[in-house]
Amino acid sequence: MAALTQNPQFKKLKTWYEQHGSDLNLRRLFEGDRDRFNRFSLNLNTNHGHILVDYSKNLVTETVMQMLVDVAKSRGVEAARERMFTGEKINFTEDRAVLHVALRNRSNAPILVDGKDVMPEVNRVLEKMKSFCQRVRSGEWKGYSGKAITDVINIGIGGSDLGPLMVTEALKPYSSEGPRVWFVSNIDGTHIAKTLATLNPESSLFIIASKTFTTQETITNAETAKEWFLLSAKDPSAVAKHFVALSTNTAKVKEFGIDPQNMFEFWDWVGGRYSLWSAIGLSIALHVGFDNFEQLLSGAHWMDQHFRTTPLEKNAPVLLALLGIWYINCFGCETHAMLPYDQYLHRFAAYFQQGDMESNGKYITKSGTRVNYQTGPIVWGEPGTNGQHAFYQLIHQGTKMIPCDFLIPVQSQHPIRNGLHHKILLANFLAQTEALMRGKSTEEARKELQAAGRSPEDFEKLLPHKVFEGNRPTNSIVFTKLTPFILGALIAMYEHKIFVQGIIWDINSFDQWGVELGKQLAKKIEPELDGSSPVTSHDSSTNGLINFIKQEREARS
């Protein structure tokens with residue numbers, strides 16, 4: 001595929017931007033078109049609640065949107081989408097299909113990889129998860145002393161941690177009958193030490209999530225957990241009642257002491273950051289119940305069908321992707337803020353930090369050449385209204401344009417004080433996107449100062465600081481309620497957005513070679529930290545850091 005910058009449709013878009021981009025003014029666009037909201041929004045009726053995607057507060061016209069859609073079509077988005085859904089090995093650097101969509105394929109329509117339908121295996125593992133969840137949640141599954149399981153500890157890292165953690169936090173209101181869940185990911189001993197300090201080994205169940213069962217951080221933490229457990233249990237055979245594995249390496253799992261019957265497998269066509277729908281989601285199913293886990297899958301499947309069958313012009317993941325292309329590749333924006341106005345979604349931005357940045361943080365195209373355009377954005381964010389009192393200042397009056405996605409449910413899980421808290425939250429959500437769009441003119445700021453009775457001297461001093469340029473782009477994503485179904489749909493929507501952008505940029509969104517180099521060097525450095533001999537085998541900075549650590553350790557020992 002030719003470089004994006006050589007694509008005729010993109011060149012047309014870029015020329016239009018250079019000629020007209022600086023004239024786009026959101027306040028004027030709204031004043032000149034009373035129907036703008038209706039023409040630049042999608043109301044998705046899932047039959048389990050609505051998802052409204054309002055993109056009218058973006059620096060776009062119908063002409064711009066059509067040019068963006070033309071770019072998507074010319075880059076082969078529709079054909080690439082079908083290749084993914086039909087099991088082609090689109091992750092070509094690892095020779096793998098990309099089939100997280102198969103994990104939530106509620107239609108059970110066959111999906112073939114190398115001529116074999118994967119759905120029977122997917123359903124077999126789901127049935128095994130269902131049976132296990134029912135045994136644990138009912139109290140039938142007992143620990144070594146006969147106690148039921150009260151706490152589940154998921155030990156994993158990256159995709160084996162971020163997804164289940166985000167979802168179990170988001171669906172806390174659905175967890176009342178399930179065990180508590182804990183997540184240990186960091187190799188920093190503090191993480192597992194602080195977690196284990198609160199637990200009773202007799203009623204704890206550890207989930208060890210590692211495809212190869214060789215991930216250094218995960219296996220080190222798992223061995224620490226096993227040592228802690230055996231201090232109480234004494235008998236190594238008790239491990240089988242308290243440890244299960246999410247893996248494909250039967251030999252290593254058995255060697256650890258886990259009964260292979262308690263190993264839940266997944267497949268090489270499941271990428272880590274897309275794996276919460278697989279056995280990696282076992283902690284989710286245990287916490288909220290398998291019925292709710294199935295609802296999560298069903299919501300994602302609904303969005304998969306919307307993405308696969310809806311024309312690009314009305315396709316939510318596609319439109320979100322194209323707006324990102326517009327800001328990154330024309331306006332030069334470098335970051336994207338995800339701002340959920342729901343405390344249960346407090347890990348949503350962190351989850352898609354990995355989802356987006358590990359997928360599209362690439363500078364090499366599929367043909368092996370270096371891109372001459374920007375690719376994946378820096379993704380960040382915090383829940384509202386906390387962010388308003390932290391970093392919104394820069395979004396409103398800073399020198400950088402930061403496109404933002406604002407998300408909120410219409411219905412709160414906790415309508416306390418007759419809904420007062422949620423009404424205030426909704427008001428802030430609505431006010432922020434309007435303020436970012438409209439801004440505050442010099443004349444409006446002047447009238448405000450006059451009404452406040454400020455002196456003429458104050459006028460001169462304060463007026464420039466009270467002006468807001470506005471014209472800051474936002475998407476508003478409003479949904480009926482944060483249910484398992486709606487959460488599944490929202491996650492899938494962003495997954496597909498990332499996919500579309502990767503196709504347009506001609507990069508492989510499904511490998512992650514960038515994480516490997518640091519791991520390789522860490523293996524070399526680890527033995528060099530032993531003893532007191534000075535290290536000289538690296539650059540002067542790395543040598544200096546290693547030797548400082550060794551000297552300080554010696555001095556304190």
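Cβ from N, Cα, C; glycine included.
Listed by Swiss-Prot as binding D-glucose 6-phosphate are GLY159, SER160, SER210, LYS211, THR212, PHE213, THR214, THR215, GLN354, GLU358, HIS389; the candidate from LYS14, LYS497, LYS519, LYS524 that the record includes in that site is LYS519. The closest partner of ALA2 (N-acetylalanine) among the binding-site residues, by CA position, is GLN354; the full candidate set was THR212, THR214, GLN354, HIS389. Separating the Cα atoms of GLU358 (active site, proton donor) and GLY159 (D-glucose 6-phosphate binding site) is a whole-number distance of 10 Å. Neighbour density at the Cβ, taken as the number of other Cβ atoms within 10 Å, is lowest among the modified residues SER185, SER455 for SER455. Within the same chain, residues at least 6 positions away in sequence whose Cβ sits under 8 Å from that of THR214 (D-glucose 6-phosphate binding site) are ASN249, LYS252. Among the recorded positions SER107, SER185, THR212, THR250, GLN354, the residue whose Cα lies closest in space to that of LYS142 (N6-acetyllysine) is THR250.
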